[in-house]
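As given in Swiss-Prot:
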- Gly593, Ser594, Gly595, Lys596, Ser597, Val598: ATP binding site (BINDING)
- 573-786: domain 'FtsK' (DOMAIN)
- 170-930: topological domain 'Cytoplasmic' (TOPO_DOM)
- 14-34: transmembrane segment (TRANSMEM)
- 68-88: transmembrane segment (TRANSMEM)
- 106-126: transmembrane segment (TRANSMEM)
- 128-148: transmembrane segment (TRANSMEM)
- 149-169: transmembrane segment (TRANSMEM)
Amino acid sequence: MIKRISEKFTPKQYLLAFFFLVGMLFGVYLIVAWSSYSPLDNSWASSSYIPTTINKAGRFGAWFIDLFFVLFGHVGHIIPFLIFGISFYFWRRKGKVPFSFFRLSLWLLGFSIFLCGVCVLFTLLFSNTPYYLSGGVLGGSLVTAFFPMLDFVGLMLSGTLLALLGFVLCSGTSLIRSCIYFYDWLTMKNPTQTQEEETISTTPVQQELALQEEPSIQSINEGERVFVSEAPSATMDEEKSLINIENLIQIQGLESASQAKESTIPTVPLDDVNQVELGGYAVEPELALPSVSVAFVEDTALSSSEAEHEDSKPFTTQIPHTAGEPLVATEFAMPKVSLSPLDTSLSDNSEIAREDESDLARQFAAQEQQRREEMALRAKALNAEEALQTILAEPEIRQNSTADVSDSTTPHYKPYGESLIHPALQQKVTTQVKPTTPMPSLDLLEHRPSQAHRITQEEIIETSQRIEHQLRNFGVKATVKDVLVGPVVTRYELELQPGVKASKVSSIDTDLARALMFRSIRVAEVIPGKPYIGIETPNVNRQMVTLREVLDSDVFRQSNSLLSMALGKDISGKPVVVDLAKMPHLLVAGSTGSGKSVGVNTMILSLLFRVKPEEVKFIMIDPKVVELSIYDGIPHLLTEVVTDMKKAANALRWCVDEMERRYQLLSALRVRNIEGYNEKIEEYEAMNMPIPNPIWRPGDTMDTLPPALEKLSYIVVIVDEFADLMMVAGKQVEELIARLAQKARAIGIHLILATQRPSVDVITGLIKANIPSRIAFTVASKIDSRTILDQVGAEALLGRGDMLYSGAGSSDLVRVHGAFMSDDEVARVVDDWKARGKPNYIEGILDSGEDEATESNGANSDAGELDDLFDEVVEFVTSTGTTSTSYIQRKFRVGFNRAARIMDQLEEQGIVSAMQNGKREVLARRSSDF
């Protein structure tokens, strides 16, 4: 818990402190009046003929004390002390205890019930006279009213129950625990850790708060907020100083038996422990003989006298440990010695003990060596090679003067069952029954119960005051107005004084984090919808965000888009779901270990839980080989997972050609996007009027008639490490990605590019201009943050899935805590899809168009024939200077293979140059140019 370092109070807290100070003085005044009470004084219930007042507190004090005695009887003796004690307690808290009308009413109700119960018990248990009742008027009235119905026993039980109930409501703890703490205070003992936690969890003065699992917008709008106010009502000036804490709910009795974990007390050398502080007093610890364990190679100290006699060490040896067996500490049968600081026999005989131990060690080593030699001779006599190897493999006791022993380190391979391949290297072939459900179930993901980490209002208030105090030290005047607690971070929203710029706070973020003793903080200069700035600080206990929890949320279930992807939760704990179709492309960057690959897997699994293979197809490029190769074999793939970067460029080139083909279809059907195209296909299929392919030409396929058009599926291209792809074919890949990013949105091709090196040579300006949606995980510097987000902030993230998301068309950054899933969960989902069907790979995606054209052209070149369109293409190329194969394909309405073959013929005839960086040059000129 963060310690309070600021004594800055609000005006309301100063007013309350003043009231409590007045209550203390009034309590002292009543104690003086109680100590000098005399029944002869003129008071509330009696009159005297004596004109003077005997009571030291005067007539007013005598009147109050007599009133207490008449109303409450003997119970009135404790009321002055209660008034003083309660006022002193709250005054010592110095405004740490939040007040509210409900809490004040609860305390008054509990105290009233407690007084009623105690007065009833005093009336029943003690003697009463016609002039004085032991329980006062209150106790006598209650006994008289309920005695006919409950009798003596019933009134005793009822009075006891009322007293206990009132005590619990008023104090927030049980009477037994209070007695234990009172006894510990008398005996100067500190309460145990468990008792302290239980007190904290059940005391209404220090109400504990827990994070909500899934807070919704409706719940926040309905008033699910806890105001840290100290009075039933507040004026306009007081409301300005209130701190609103969102996403917190009050809990009581959070402690349970599951939180009590067994703890092991580590062995600590006695010479390192000089004094132990108990209850604020320094007490010398009792010396005890620690157990000597041979599980340690180092010698263990016998007592605290080792500081004076460093040469005195116990005899220890190392016992061979077999893998898989529990390590048991073995102790030799030695007489127990009770040591104390007054005993000096050990120090006097240290030399003798050391000689005895060395002799014992040499004797033990000699016997062990002799035993091993005898066993080796017997093994050789019996020609038992396995026994000999076992003996040689046993660890030997290393003495100070042992010779080097040369052991064979060559592994001995043995057959593993029916195979010579190690089980770890064998490919697991699992035969899984085809699931009956249309989509995978969320039961494939592990259900991890959310852990509600407690956080107190006191900690929130103290941290808020520390932030205000440290900002004041840096010359910034600000007031915390709102606090939003999330699963990973807490955002403190501050109102700056007029004339203070938000950039001034951003410039001191590092110094402010150091002053607040946080690992890092992030300053949000703009909070949409609020006139505040935000300071986001990490929580002490971080809550894990699971993928199942996000996929099972209403936000993800009610999303209508096929390409909805779950990212995680925002700082308020609400699930974050994005639509890839609206992005329409995504750029992901983050340093190594920041959670980038887990974030990409989260997006892929979100789609696999939502779409069918005929709706969405994947092209996965994995330079790391191990990140996306687990998805190899799912029916959503258009081709196998690409691990060769040279083939990856071919896959992107195929996407460009597919984009051009789809645009021709959209133009022929007079629609603007893939949604309109699929709707028109469904409309005519419902009327049994399939639409023939309008761009089909004889020779493109083996069909004699144009085939019917089918619905187009979305294509998601995922590149796990974009930097490796840029290193192999940078310029060519940049142009291909730029073309896809510019035009592929309407025809359903979307890109997800991830890299761990967000530098300008990888994320070029051409790529950034066409990919507006970005996600930044933890990066190394502010320069990298500006490269990916055009803003700073990603360098201050906490890692492990903590990210900043910038959507298309908005410069606002949303902090998201990424969802987590294990490798086993990913494997279960992949196996489920593999059991549903096999992938239908498209041949030629990874093949270079130039290679195919060369092979096809080889046969025609041998025959000495040129294409029929060769002369027309030559005229077109020399006049326009265009050397694009896809452009020739569209211009002359030929297939891709034929267009590539013509382009190769142009190269052989010397009309165009060879391919260089994805381009060709026109070498020939028209005759009119001469």
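Every residue, even glycine, has its Cβ placed from backbone N, Cα and C.
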In the chain carrying Ser597 (ATP binding site), residues 6 or more apart in sequence that have Cβ under 8 angstroms from it: Glu627, Asp720, Ala754
Which listed residue (Gly593, Gly595) has most other Cβ within 10 Å, given these are binding-site residues: Gly595
Residues close to ATP site centre defined by Gly593, Ser594, Gly595, Lys596, Ser597, Val598, Cβ within 8 Å: Gly590, Thr592, Gly599, Phe777, Arg800, Gly801
Conformational class of Val598 (ATP binding site) under the three-state DSSP mapping: helix
Neighbour tally for Val598 (ATP binding site), based on other Cβ positions within 10 Å of its Cβ: 20
Long-range Cβ neighbours of the transmembrane segment (106-126) (under 8 Å; 6 or more residues past either end): 72-75, 133-136, 138-140, 142-143, 152, 155-156, 158-171, 204
Averaged pLDDT, computed only over the residues in the domain 'FtsK' (573-786): 90
Count of other CB atoms lying within 10 Å of the CB belonging to Ser594 (ATP binding site): 25
Cβ neighbour count within 10 Å of Lys596 (ATP binding site): 26
